[in-house]
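Taken verbatim from TrEMBL:
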type	residues	note
ACT_SITE	C288	active site, nucleophile
BINDING	23-28, D48, R53, 101-105, 142-143, E177, 288-291, R358	NAD(+) binding site
DOMAIN	344-457	domain 'UDP-glucose/GDP-mannose dehydrogenase C-terminal'
Amino acid sequence: MMNGHGDSVFAKSIRTSKVACIGAGYVGGPTMATIAQRCPHIQVYVLDISQSRIAAWNSDQLPIYEPGLDDVVKECRGRNLHFTTDVSGMVKECDIIFVSVNTPTKTRGLGAGRAADLATWELAARCIAENADGPKIVIEKSTVPVRTAAAVQRVLEANEKPDVKFVILSNPEFLAEGTAMKDLEKPDRVLLGGPEDEDGQFALKLLVDVYANWVPREKILTTNLWSSELSKLVANAFLAQRISSINAISMLCEKTGANVKEVAHAIGLDSRIGPKFLNASVGFGGSCFQKDILNLVYLCESFGLPQVAAYWQQVVDMNEVQKHNFTRKVIDAMFNTVNRKKIAIFGFAFKKDTGDTRETPALTVCSLLMSDGAILHVYDPKVTREQALQEFRDHRLEFDFEKQFFWEEDAESAVQDSHAILILTEWDAFKGYDYSLFRKRMRKPAFLFDGRNILDHDKLADIGFEVHSIGKPPLRSRAPINNSH
Ligand SMILES: NC(=O)C1=CN([C@@H]2O[C@H](COP(=O)(O)OP(=O)(O)OC[C@H]3O[C@@H](n4cnc5c(N)ncnc54)[C@H](O)[C@@H]3O)[C@@H](O)[C@H]2O)C=CC1
Ligand SMILES: O=C(O)[C@H]1O[C@H](OP(=O)(O)OP(=O)(O)OC[C@H]2O[C@@H](n3ccc(=O)[nH]c3=O)[C@H](O)[C@@H]2O)[C@H](O)[C@@H](O)[C@@H]1O
């Protein structure tokens with residue numbers, strides 16, 4: 001793995017042929033599968049406390065859906081990629097240990113609702129400390145608050161094993177779900193932060209060499225620990241800020257007759273702004289944007305920067321406004337009530353090409369509609385009803401699910417006798433449907449609310465739909481009267 005070893009005692013005793021990762025989730029699984037594929041000379045062990053998750057990784061039905069992942073796992077599993085619950089055993093065996101456990105928002109106590117909950121991280125660190133009988137390089141792969149490495153160092157060293165030295169590196173992950181394998185194969189950059197002393201620089205070089213097996217050297221950045229930790233939070237905050245900014249403008253478009261797609265295109269051609277990540281939507285979701293911004297807000301407050309905290313808090317607040325605004329639009333348009341009306345929901349995942357529903361905007365929209373009495377029939381190609389129900393439970397949202405929340409095997413069944421179709425996830429398949437046929441099966445007037453702006457709205461109005469989208473004035477049906485049934 002290394003071209004040459006360092007000279008220190010630490011450097012000389014690090015064994016480099018085995019790597020472990022604690023946490024076999026959306027990040028740990030795909031990231032380690034990529035390392036195994038690109039570095040056949042390294043044995044990679046992915047560890048998790050969840051028996052069921054590890055069993056799934058070892059089966060034909062992987063625990064997460066990610067395009068391209070199956071092939072890489074099939075190629076490497078059993079060769080140099082291993083999934084196991086033997087966390088302590090493999091922590092002993094491996095000197096290079098990534099930690100990719102979940103770091104959700106704290107739900108109680110100091111900083112509840114904002115600060116990152118590092119309990120899982122602390123447990124992982126304690127596990128490493130207890131099982132280490134030689135030097136270890138511990139790599140923060142999870143997204144953590146800036147200065148977490150200092151806390152981790154204290155936990156690791158508290159066991160007072162004089163011969164065991166730990167070096168902590170930061171290596172945040174920038175992959176997006178749905179494109180994880182492509183992002184890992186060709187990252188915009190790999191970011192590595194480490195201590196500035198000799199062993200820190202040795203460890204950093206070791207990790208650079210791992211990535212250099214497939215990532216061009218100029219894309220591998222090295223910084224100090226704190227810059228690396230903070231850059232991850234800032235990257236997510238900037239990305240989410242773009243969405244909240246264009247969503248805020250979409251509300252103004254709806255009032256003024258401007259079209260947000262045209263505005264996004266016009267501003268995106270300015271090379272300083274750029275065209276990406278300017279799709280106005282029903283709101284951003286996913287496990288990270290909200291939690292990472294709240295974490296940033298909490299950090300700013302803790303460091304005595306209330307104005308900076310308030311600035312970033314607005315990004316999350318605007319996202320809430322957008323989800324509520326969209327739902328209010330639905331209810332307003334449908335004569336101010338959706339009580340007992342069947343509504344077809346297309347998509348429950350937080351974005352296309354993933355089965356992940358964490359913080360999905362669909363949860364808020366569906367909850368608000370059910371509060372108003374709507375009967376929802378949901379179709380999502382990759383999400384199960386049980387998973388959606390778990391999402392409601394996780395957020396302590398209670399409804400009469402047996403009467404108001406139905407799951408359908410296809411879009412057509414969801415649409416039958418419905419008053420409206422809501423597009424909440426931008427699955428490509430939703431673009432190819434025969435909406436003319438759908439409209440025939442629906443109650444009239446037939447409403448369509450495109451929360452992702454993915455359909456041809458003029459065509460839908462010609463077919464006979466009343467179309468509402470994001471950041472555009474609504475379109476009434478343009479179908480001839482005799483065509484309206
Ligand atoms: N999901 C994503 O797209 C991205 C996530 N991240 C960050 O990566 C981190 C992990 O995220 P995900 O992979 O989505 O989480 P996840 O929840 O899918 O996976 C975490 C896994 O860690 C396991 N775990 C927890 N404590 C453990 C312990 N003590 N020992 C062994 N296993 C343990 C859990 O059982 C779970 O399977 C988070 O900090 C997140 O912010 C960063 C970039 C992208
Ligand atoms: O830290 C993380 O977890 C990851 O968070 C995001 O990745 P992800 O949440 O998987 O997906 P995105 O493509 O960023 O989409 C997030 C949300 O924003 C929405 N979105 C995205 C882009 C856009 O223009 N408009 C918009 O509404 C998506 O539909 C989705 O709900 C970042 O893009 C990754 O770089 C980062 O590593």
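Heads up, the Cβ atoms here are built off N, Cα and C, so glycines get one too.
Values in this document were obtained by computation on a predicted structure and should not be read as measured data.
For E177 (NAD(+) binding site), the count of additional Cβ atoms within 10 Å of its Cβ stands at 24 [all protein chains shown].
The Cβ neighbour count for N102 (NAD(+) binding site), using a 10 Å radius over every protein chain in view, is 18. Within the same chain, the residues at least 6 positions away from Q290 (NAD(+) binding site) whose Cβ sits under 8 Å from its Cβ are T105, A240, F284, V316, N319, E359, listed in sequence order. Candidate recorded positions: G23, Y26, D48, N102, C288, Q290. Those with a Cβ under 6 Å from ligand 2, in sequence order, are C288. Listed in sequence order, the recorded positions among D48, T105, C288 whose CB lies under 6 angstroms from an atom of ligand 1 come out as D48, C288. Of all Cβ atoms in the protein chains displayed, 25 besides its own lie within 10 Å of the Cβ of C288 (active site, nucleophile). A gap of 11 Å separates the Cα atoms of E177 (NAD(+) binding site) and the residue listed as 'active site, nucleophile'. Set side by side, the binding-site residues G23, D48 differ in how many other CB atoms lie within 10 angstroms of their CB, and the most is found at G23. Shown in sequence order, I64, E66, E177, A180, S287, D356 are the residues of the chain, 6+ apart in sequence, with a C-beta less than 8 angstroms from the C-beta of Y26 (NAD(+) binding site). Separating the Cα atoms of N102 (NAD(+) binding site) and the residue listed as 'active site, nucleophile' is a whole-number distance of 10 Å. For the recorded site, Q290 (NAD(+) binding site), the DSSP three-state label reads helix.
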